[in-house]
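**Student:** If you look up TrEMBL, you'll see 8-233 marked as domain 'CWH43-like N-terminal'. Taken from TrEMBL, the feature transmembrane segment covers 12-35, 55-73, 94-112, 118-145, 157-182, 202-227.
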Amino acid sequence: MWWFQQGLSVLPAALVVWSAASFVFSYITAIVLHHVDPLVPYISDTGTIPPERCLFGIMLNISTFLGVATMYVRYKQVYALNPEKAKILKLNKIGLTLGLMSCFGLCIIANFQKCILYYIHVVGACLTFGVGAVYMLVQTVLSYLMQPELHSKAIFWVRLSVFLWCCSSIVSMFVSSVVLYSGLYGMNLVQKLHWDPQDKGYTAHIVSTVSEWSLAFSFLSFFLTYIRDFQKISLRAVASLHGRTLYNSPQNFETDEQTLLVAGSI
């Protein structure tokens, strides 16, 4: 049995590989068509002009689905391992809520391009990476609370390191973006897709774009730490029958006792 066939480890692996591919493929397409500069453009700039915009959007929408599935499985796993620990269960619910918000932000990024609806795109980015960073923090705290009984201390330190990497990228990107878009280097820089090293603000632009790529891959790297955990879990759907037919008519309803006898699992 291959490693990705064990449990549900294919979910986080697919999330990381597919999301990274969405960035790389749209980047390559934009470079080949000369829509952006080869030297570290914004990720969002590589998904602004057709046809890469279409590729970027549909691939990130699939990433959103994979993200929701991965975070839900993680929630169910923590819940199953800690059925009587109220503090962990509460943090687990908070983590799931934050994770779903982050996935919703990714969906916004996919469908509202930077150069078309900039402020909505920024809201999506804040949800994805800002709320996503808090999600990473919650999962790191859960890892701390669950070690050493349920997993090794090493995984906690790995998740903490990736979380700190993500936070440093956020700070670097925020500071450089504020400097770049402060008005000191001109207006309407959001629409600018081609930069020359002689342009004012070029250094701040490069720092901002490198920070964005670093942030994206630090965020994805966090889900790589789920692979070994997911090898030890599987989910199945159970259907319960509450009647002998699928008609919604009064004469076909049975008593509670009869219903219990009919109910079963598939």
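The backbone N, Cα and C atoms fix where each Cβ goes, glycine too.
Context for these features, please: burial, neighbours, distances.
**Tutor:** Beyond the ends of the transmembrane segment (55-73), by six or more residues, the same chain brings 8, 11-12, 14-15, 18-19, 21-22, 25-26, 29, 46-47, 95-96, 99-100, 102-104, 106-107, 109-111, 135, 223, 226, 230, 233, 235 to within a C-beta distance below 8 angstroms of the stretch.
Residues 129-130, 133, 136-137, 139-140, 143, 189-190, 201, 204-205, 207-208, 211-212, 214-215, 218-219, 221-222, 225 of the same chain, all 6+ positions outside the transmembrane segment (157-182), place their C-beta atoms under 8 angstroms from a C-beta of that stretch.
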**Student:** Average pLDDT across the domain 'CWH43-like N-terminal' (8-233)?
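**Tutor:** Here the predicted model's pLDDT, averaged over the domain 'CWH43-like N-terminal' (8-233), is 91.
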